[in-house]
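Visitor: Structure provided below as structure tokens; questions to follow.
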There are 2 protein chains.
Amino acid sequence: MAMQNLRQFLFALSAAGAVGFVAIIFVLRWVLHFKEGLAWDGGLAEFNWHPVLIVIGFVFLQGIAIIVYRLPWTWQCSKLMMKFIHAGLNSAAFIFAVVALVAAFDFHNTAKIPNMYSLHSWLGLLAVILYGLQLVIGIGMYLIPLTPVSWRAAFMPIHVYSGLFLFTSVIAVALMGITEKLIFGLSNPKYKDSPPEAIFVNVLGLLLVVFGALILWIATRTPWKRPSDQILHTLHTNGGSEDITKAGPALSELADGTNTEDGDVRRRSNKLDNLDD
Amino acid sequence: MAMQNLRQFLFALSAAGAVGFVAIIFVLRWVLHFKEGLAWDGGLAEFNWHPVLIVIGFVFLQGIAIIVYRLPWTWQCSKLMMKFIHAGLNSAAFIFAVVALVAAFDFHNTAKIPNMYSLHSWLGLLAVILYGLQLVIGIGMYLIPLTPVSWRAAFMPIHVYSGLFLFTSVIAVALMGITEKLIFGLSNPKYKDSPPEAIFVNVLGLLLVVFGALILWIATRTPWKRPSDQILHTLHTNGGSEDITKAGPALSELADGTNTEDGDVRRRSNKLDNLDD
């Protein structure tokens with residue numbers, strides 16, 4: 001990665017990290033300061049685990065999982081190890097989301113509030129189910145050695161699109177959840193009277209949007225891709241008809257800044273091996 | 001575009017058109033059948049213009065504006081004409097959104113409901129302002145002949161990202177608006193009692209998500225890009241270092257199916273001219 005490029009990447013990454021961190025502080029302050037705190041008692045303090053686990057796990061961890069291949073200091077690690085980290089972070093995010101769902105259902109059942117009536121609940125449950133499916137298919141495709149390389153390559157655009165779409169959907173569903181909770185949770189003063197809690201949690205919503213925007217920006221910049229993936233991208237763009245040796249610029253960037261040996265560079269430049277390792 | 005590719009494109013396009021059309025029918029049936037109908041009287045029937053204009057203009061028209069360059073039968077039209085159609089559809093969407101805002105503010109003022117207290121209103125107003133900014137900058141960059149070609153090329157990734165991000169945000173804000181309206185608008189039976197209107201409008205929310213997913217899929221498939229833009233993309237991916245004559249595959253696709261003359265093909269293959277026309 002060229003120097004100016006690297007500086008821009010580190011700026012975007014720091015901004016995403018900072019905004020994500022502040023969002024986590026905000027959701028914790030929301031439930032601990034403005035609301036009933038955290039407990040596992042079937043009451044409102046159990047429900048409060050729902051937004052906390054969603055923001056920490058389903059938003060923040062999922063966001064980091066998405067951009068983990070973009071971190072330049074991991075480009076000397078094997079692709080297989082990075083895949084395990086990607087799958088591990090996404091699995092953790094999935095577990096957070098499932099426990100968050102249990103907290104919401106538990107609270108509803110105890111309080112005799114119906115489940116699954118709102119658009120938030122429909123889209124949220126759909127997102128968790130599809131995320132689980134994406135996880136299972138992702139592991140089957142890219143971590144099981146038996147899967148044919150041609151399947152891996154053909155499925156990659158769908159895997160990337162689904163991943164970014166699910167991440168975006170999760171943030172949209174979180175914003176709907178904030179809207180519901182502020183309407184139901186605030187009375188005297190109500191949401192429309194803009195008490196401090198309303199303003200504070202609206203800002204949390206804004207932070208989630210900015211975090212999402214930064215992660216999507218980092219994930220979709222081609223020059224910020226892991227070098228071997230840049231080459232793959234070029235090959236796909238050109239319909240795979242181009243000689244592999246022409247993918248020079250991306251490789252020359254790899255040599256600049258990482259202590260990769262020549263042999264390693266050649267190994268990474270091989271499309272089939274890359275998908276296989 | 002190869003035949004199988006074209007078939008997949010037409011399938012995705014038909015699906016997007018059908019889902020978008022059904023979403024418009026749903027929002028009209030919502031306000032005309034379940035609610036107070038449409039009028040401009042400061043009351044609930046005026047507010048009802050808000051969801052109608054947002055779904056028709058800010059979601060559907062904006063979605064079509066985004067993918068207008070992807071329609072293969074427009075590839076024989078000049079890029080300039082397509083830019084005017086793109087800008088025209090986006091301008092129409094912007095006007096729909098502004099009138100939709102006026103309807104909501106008017107209703108609030110008449111009913112003495114505060115404005116701008118909810119996360120929906122914050123993000124919605126922000127989306128309309130940023131959309132207006134995107135429109136002005138887009139026209140300044142790509143329709144004013146004086147703008148340097150280097151600026152146009154440098155700004156294109158930001159223009160594309162902002163456009164897709166704003167479209168996604170508008171759908172997220174619409175889902176929050178649906179949530180608010182179903183909570184405030186339904187009483188006896190309430191939203192949580194799942195009356196027919198609640199189920200019907202939840203389905204409208206699902207339709208908006210599916211429409212968004214299809215538009216984003218169509219917009220981000222590289223093989224479905226207008227041929228001259230495919231070449232540009234390849235150039236950007238390779239850092240612009242590649243000889244222009246190597247961008248053969250995309251051009252050969254152009255010749256297949258459109259009655260373009262050879263001279264025209266050569267004109268389109270020139271990166272500078274393309275950004276300039």
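A Cβ is built for glycine as well, from the same backbone N, Cα and C atoms used for every other residue.
Quantities reported herein were computed from a predicted structural model and do not represent experimental measurements.
Not my notes, these are from TrEMBL:
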COMPBIAS  B:263-277  compositional bias 'Basic and acidic residues'
DOMAIN    B:15-220  domain 'Cytochrome b561'
REGION    B:243-277  region 'Disordered'
TRANSMEM  B:9-32  transmembrane segment
TRANSMEM  B:52-72  transmembrane segment
TRANSMEM  B:84-105  transmembrane segment
TRANSMEM  B:125-146  transmembrane segment
TRANSMEM  B:158-178  transmembrane segment
TRANSMEM  B:198-219  transmembrane segment
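Any idea what these are sitting next to in the structure?
Guide: The list of residues near the transmembrane segment (B:52-72) in space but at least 6 beyond its ends in sequence, with Cβ under 8 angstroms from a Cβ of it, reads 1, 6, 9, 13, 16, 20, 23-24, 27-28, 31, 38, 82, 85-86, 89-90, 92-93, 95-97, 99-100, 103, 131, 163-164, 166-167, 170-171, 174, 177, 204, 208, 211-212, 215, 218-219, 224-226, 229, 257-258.
Counting residues 6+ beyond its ends, the transmembrane segment (B:125-146) has Cβ neighbours under 8 Å at 58, 83-84, 87, 90-91, 93-94, 97-98, 101, 116, 152, 155, 159, 162-163, 166, 169-170, 173, 276 in the same chain.
Cβ atoms under 8 Å from those of the transmembrane segment (B:158-178) belong to residues 50-51, 54-55, 58-59, 62-63, 66, 97, 118-120, 123-124, 127, 130-131, 134, 137-138, 141-142, 201-202, 204-205, 208-209, 211-212, 215-216, 219-220 of the same chain, restricted to positions at least 6 beyond its ends.
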Visitor: Same chain only, please: residues at least 6 beyond the ends of the transmembrane segment (B:84-105) with a C-beta under 8 Å from a C-beta of the stretch. Say none if there are none.
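Guide: Counting only partners 6 or more residues beyond its ends, the transmembrane segment (B:84-105) has Cβ contacts under 8 Å with 40, 46-54, 56-58, 61-62, 64-65, 68-69, 74, 115, 124-125, 128, 131-132, 134-135, 138-139, 143, 170.
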